[in-house]
Amino acid sequence: MMWFHQHQEATLRTIFKQITTAGESHWYIILGLLLFIIFRKHLPKVASQGALLASSVVVSGIAALLFKTTFGRARPKLFLSDGIYGFNFFEIEHAWISFPSGHSATAFSVAMVLALCYPRWRWFWFAGGALIAFSRLILTQHYLSDVIAGSILGAFSTLLLYHHIFKATLHAPTNAKEL
């Protein structure tokens, strides 16, 4: 982390600031809801994919927020500026809600949804999720453990939703009208 902080060029930082915006949950919640609303009558499989996308991002986001406020882990900026490293349980101040990474949870939630819906491209989806998660390290917003925990949380919560709620509708026989 110190290396990332000390060896950043402005161009690299600008690029990764753009990449990290792809980990913001509102994009996927809105897209998922739109897919569900628009296609629920005529393309129920697409609507179900949208519902899985929105719900998995919401569930992983709520779980990440609960963990963040419970653990109250200091963000790297506190370590870099004041040498503060540790936990301040049940803290809600932004500087103390590092664990787990919400952007990583969102990125891997989305990657898992796409991998389940379009498995042929799964490595591409997971590479995209990893790039977004890595951006949080480059920008020194999170520690590696924050990013790993967020990524696992996003993927796992999506798998739970998929297996318990969405599996039957996503893998229903495709109707010729849907093509």
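Cβ coordinates come from backbone N, Cα and C, glycine included.
Those TrEMBL annotations? Automatic predictions, nothing curated.
Marked as transmembrane segment by TrEMBL: 26-43, 50-71, 95-116, 123-141, 147-165. As annotated by TrEMBL, domain 'Phosphatidic acid phosphatase type 2/haloperoxidase' applies to 48-162.
The highest tally of CB pairs under 8 A with the transmembrane segment (123-141), across 26-43, 50-71, 95-116, 147-165, is held by 95-116. Counted over residue pairs separated by six or more positions, the transmembrane segment (147-165) shares at least 3 Cβ pairs under 8 angstroms with the transmembrane segment (50-71), which defines the two as touching. Each residue of the domain 'Phosphatidic acid phosphatase type 2/haloperoxidase' (48-162) gets a DSSP state, and the totals for helix, strand and coil are 89 helix, 2 strand, 24 coil.
This prediction places the mean pLDDT of the domain 'Phosphatidic acid phosphatase type 2/haloperoxidase' (48-162) at 94.
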